[in-house]
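A short write-up of the structure that comes next.
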Amino acid sequence: MNNQLENVFRFDEEKERAKIRESPWKHDPEFFRSVKISAVALLKMLRHVSQGMPLEVMGYVQGKVEGASLIILDSFALPVEGTETRVNAHEEAQEYSVQYHTLCKSVYRHENVIGWYHSHPNYGCWLSGVDVETQRQNQKYQDPFVAVVLDPKRSLESPYVNIGAFRTYPVGNDGSIRTKSRHHPSVLFKNLPSSKIEDAGAHAEAYYSLPITYFHSKAEKKVTEFLRNRNWSRSITECSILQNNEFLHDSEKLIDHLIHETGNNELPVASAYEQSKACCNELSTFLSQIDVQDKLFKE
């Protein structure tokens, strides 16, 4: 790992405290110009929102500030109830977040919570009126803070991740301080369901978009290459073999049946092989996901 990349992953708690004490973003509503996301943080978010479809789900991102960039190093899901159009964090989710952050520190992961993410299944990445108010409250009390939105359905149907990162303007300054470079990308509000057009347009001046780039360590690169060479959408969305009780139960019944039939010479070995082939293929697929899902994505 080169020094520049190593520095991205290194977290200096004292330096981070100094940046927060200085808080230059309080004097410049457009202080932050970009967001950088690690590969594992992105995959964890994508896995969570994909498995949550068709409901909206949410979580937090952890990381640090580097110049005018917010660096997202990790993410974790929140146990919140969502609907097909809205998700809200309750007190239990806040308690969970505090406990999770405490446990992270106990294993020397000191990165701060620097934002939240949630999903917009099949209606793009932008901030609704509720999202804008939530983000404004977060920036008021927890800054630095960024809002990340992912569309899992569109992501799984295309070769790229449908994602956006946003920060809100202070109340009363909507759009009046925006520079030309901060306007939303034209693609942001394309192909919206008719029920979402009004909400999306009504609050577009209340926030700005931040360009997103990605980075990965050598270990993370192996994960992304693994997914690229396989059916990545299936690997992301399906439960692991350790969680698929129905598959395990059906496989156990099939194996018991084949052992009984072949043991009593009632079924030729060739026939037993043919009957078990589908099960073996499915098992092979699930086994290929264990390292990725149950080790690298384990929360």
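Glycine residues also receive a Cβ, built from the backbone N, Cα and C atoms like all the rest.
Listed in Swiss-Prot:
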type	residues	note
DOMAIN	35-172	domain 'MPN'
BINDING	HIS118, HIS120, ASP131	Zn(2+) binding site
MOTIF	118-131	motif 'JAMM motif'
Row HIS118 (Zn(2+) binding site), column other C-beta within 10 angstroms, all chains, value 27
Taking DSSP helix as H, G and I and strand as E and B, the domain 'MPN' (35-172) has 48 helix, 43 strand, 47 coil
HIS120 (Zn(2+) binding site), Cβ-centred 10 Å count of other Cβ atoms over all protein chains shown, is 25
Across the motif 'JAMM motif' (118-131) the predicted model averages a pLDDT of 89
